[in-house]
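Student: This is the structure I want to talk about, given as structure tokens.
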């Protein structure tokens, strides 16, 4: 007579299979590592890539300086369009001590682009109006398309015309669809601004916060649910791919929602 088989071990957490619990912990750890990486990359891009104008844009920037003699230093030939923007380095993400690579002066009413570069608000608006752009402008430094202009610092110090033009630009271009690779490349800057406003009492409206929380909750429930598109019980490790894909796409969808919100807010106040 065969002896009865021993009962299966009880799960570590009641209601969750050990494999699912392990997947959740691994996913949370990967998300934390990815978040830290995005913050570090965003800070590195802010600090190391704000001084040098792209060679293809140097002629346009030089003409822009000549047309704004009263504002731009170096229009008499003393400055170089591709040179260093002074001795000031950005020590934080608020643009409080950052030099503008266009005018070569300390940034006045600083603006950060989605690619993580900082400029004077007036300089970036003038750069937009100076060229014959059919759509989004390209960043003077990296030539990536500028889909959104983030206003840094207090808004009450902004020139009325400059802020109006920035809102107009965001209203026209922030909500337009783009390739997925562009969203991935912009994640360090866009998520940093989204998180900053998400946890600020004076930040985004509650409807946006609710959408982000529902999106995050839906992703976690899908990972924890035994009902998957590719079930682990049938496909083993391959069954984890859909869970990993869902978690990887969550930050991208948050950035898309945030950019659309920026466009709606700009159109509302424009």
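Just so you know, glycine gets a Cβ as well, placed from its N, Cα and C.
TrEMBL annotations: computationally assigned, not manually curated.
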Student: With TrEMBL as the source, which of 172-197, 198-223 is set down as transmembrane segment?
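Tutor: Within the set 172-197, 198-223, TrEMBL attaches transmembrane segment to 198-223.
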Student: Look up region 'Disordered' in TrEMBL and report which of 24-46, 47-69, 70-92, 93-115 it refers to.
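Tutor: In TrEMBL, the region 'Disordered' feature sits at 70-92.
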Student: Do you know which of 135-159, 235-259 TrEMBL annotates as transmembrane segment?
Tutor: 235-259
Student: Within the domain 'RING-type' (100-143), how many residues are helix, strand or coil going by DSSP?
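Tutor: Once the DSSP states are binned, the domain 'RING-type' (100-143) shows 10 helix, 9 strand, 25 coil.
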